[in-house]
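Only one structure is covered here, and it is reproduced in the block below.
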C-alpha cells in the first residue's frame with residue numbers, strides 16, 4: 001500500500017515541493033517508524049509531515065533555455081540515473097547491499113532507462129542541497145549529468161509491514177519532471193529476506209515492488225497530476241485534462257491512456273482508465289482499479305505475477321515528461337476484450353477473471369498459476385477473483401506433488417489447466433500444471449507423455465493416467481495462446497519476451513535469457 005502526503009505551493013519563478021511521499025505497505029494499521037542515524041526524517045507519518053522543511057525546485061535561466069530548445073526540437077534522450085547508497089550501506093550486510101544493488105535497483109533502473117526517454121538535463125545543479133535530510137553531494141561527485149538522482153536510506157520499523165517507501169524532493173523548473181528523490185528500506189522486513197536463496201519467483205516479487213515505488217516517484221502520483229505538461233509545447237495540461245469524475249468515480253483521461261483503454265477492452269464508449277477508490281488516502285486516487293486492472297503493477301497492493309502494462313507506460317507518456325518504448329510493456333491479459341462494463345469497475349462471474357465459490361481451485365487469468373478463488377482483497381469490493389497460489393513455472397512442494405500425481409510437469413513451458421486428475425493429489429484441487437504449446441490455433445497439452453489436443457475453447461477431453469480416468473478442460477484458446485511465453489528462464493526478469501524463444505534484454509544485460517550483465521552497467 002502507498003502512503004502519500006503532500007503540500008505543493010507555486011512561487012513566482014519556481015515550484016515548491018514538500019513531502020511528496022510514496023510507500024509500499026502490507027496492510028499495516030500502524031506505522032511508528034524509528035529512523036536510524038543519518039536516515040530520512042521526512043519518512044515519518046502524517047503528523048510529522050507537516051513539520052518538514054519545504055524544498056524548492058531547481059530554477060536556472062540557462063537550464064530553462066536549454067530545455068525549451070530541446071522541446072522545440074523534440075530532442076528526447078535516454079533517462080540517465082544516479083544512485084547514492086552511502087546512507088544505507090552502514091546498516092546492511094554486504095550480501096544484502098549486493099542484493100539491493102544487483103537484484104533490485106540495477107534491474108529496476110535498467111527497465112526505466114530502456115523503456116523511457118526524457119528531455120535531458122544540462123547540469124546537476126539543485127536549489128536544495130538536501131533531499132529528505134540527506135545531502136545530494138555524493139550524487140554530484142561523479143561529475144556526470146543525470147536526469148534522475150536517487151538517495152537510498154534505511155530505517156527500522158518493527159511494527160510496520162511496509163518494506164520500501166520514497167520521497168520526491170525536487171522537480172525540474174521547466175518541465176516539472178521529478179529529478180531527485182529518496183528510497184528507504186525498512187530493515188525490520190528486509191532482514192527477513194533470504195538474499196542467498198536462488199529463487200527467481202521471490203526475486204521477481206521484490207523487483208516488482210521496487211519498480212512500483214519508482215513509478216510513483218517519477219510520475220504516477222496524484223500530487224503531480226496538476227503539473228503534467230503537453231510534451232509538444234511544455235504547457236501545463238491542467239487537472240481537468242488529466243482526471244475526470246464520472247458517476248462519482250475518477251478516471252485518467254490522458255489521450256495515450258484513453259486510446260489504449262478503448263482498444264484493449266473493446267469499448268469505444270470508455271470514459272478513461274479507472275482509478276482505485278478503496279484503501280483510503282494511502283491508495284485511493286493514484287493506483288489503477290483492482291477490478292479493472294487486476295495484476296497490473298500499479299494497482300494498490302502486492303499481487304502475484306504483476307506486470308508493467310501498456311496502461312502504466314501510457315500514463316507516463318501522458319505526463320509529457322517521458323517518451324515510452326511500448327515494445328517493453330509486458331503481456332497483460334486481465335479483462336482483454338471484456339467490454340465496457342469492466343472499465344467501470346463492475347465485476348461479473350461471466351468474466352473468467354472472477355469466481356463464485358471462495359477458496360475453490362482454478363487457474364489464474366494468465367494461466368501461469370494454480371489459483372484459488374480469493375475473497376480477501378480489500379480493494380475488490382466483494383468481488384472474488386482467481387489469485388495465484390503456486391506458479392507452474394517455479395517448483396514448490398505443493399505444485400511438484402500436484403504435477404507428479406496428475407501426469408503434469410513444472411517448468412518454464414508449463415501452464416495451468418482445469419482437470420479432475422488433480423483430486424489424486426488433493427481432495428479439493430481442480431487444477432494442475434502441464435507442459436503445453438500452441439500450434440495452428442490449437443493447444444497441445446502433455447499429459448504423462450501423451451499429447452492431448454484442444455481444438456475448441458471449453459472442450460472437455462477424457463484422459464487416462466495409469467489405471468485412472470479423468471478429464472482436462474480446454475482454456476479460452478485465443479486468450480491462452482496470446483499470453484503463452486516460453487522464453488528462456490522467463491528472461492531472468494531482466495528483459496521482455498517478444499516471442500516463444502526470444503528475449504529482448506533491458507539495457508546493461510545480455511544473453512539468450514538476459515542473465516548476463518555488462519561490466520560497465
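The count begins at 1 with the first shown residue.
Yeah, the Cβs are placed from backbone N, Cα and C, and that goes for glycine too.
Listed in TrEMBL:
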type: BINDING; residues: 212, 216, 287; note: Zn(2+) binding site
type: ACT_SITE; residues: 213; note: active site
type: DOMAIN; residues: 483-515; note: domain 'EGF-like'
type: DISULFID; residues: 487-497; note: disulfide bond
type: DISULFID; residues: 505-514; note: disulfide bond
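Across the fold, the C-alpha of residue 497 (disulfide bond) and the C-alpha of residue 505 (disulfide bond) stand 9 Å from each other.
Mapped onto three states, the DSSP output places residue 212 (Zn(2+) binding site) in helix. Reported as a whole number, the C-alpha separation between residue 212 (Zn(2+) binding site) and residue 487 (disulfide bond) equals 24 Å. Taking H, G and I as helix, E and B as strand and the rest as coil, DSSP gives the domain 'EGF-like' (483-515) the counts 7 helix, 8 strand, 18 coil.
Ranked by CA distance from residue 487 (disulfide bond), the recorded positions 213, 216, 514 have 514 at the top as the closest.
Cα of residue 216 (Zn(2+) binding site) to Cα of residue 514 (disulfide bond): a distance of 26 Å. Residue 514 (disulfide bond): 26 other CB atoms within 10 A of its CB, across all protein chains. A 10 Å cutoff on Cβ-Cβ distances gives residue 487 (disulfide bond) a total of 21 other Cβ atoms nearby, all chains included. Put simply, the residue listed as 'active site' is 22 Å from residue 505 (disulfide bond) when counted between their Cα atoms.
The average per-residue pLDDT of the prediction over the domain 'EGF-like' (483-515) is 89, rounded to a whole number. The highest number of surrounding Cβ atoms within 10 Å, among the disulfide-bonded residues 497, 505, is found at 505. All protein chains considered, the CB of residue 212 (Zn(2+) binding site) has 26 other CB atoms within 10 Å. Other C-beta atoms found within 10 angstroms of the C-beta of the residue listed as 'active site' number 21, with every protein chain shown included.
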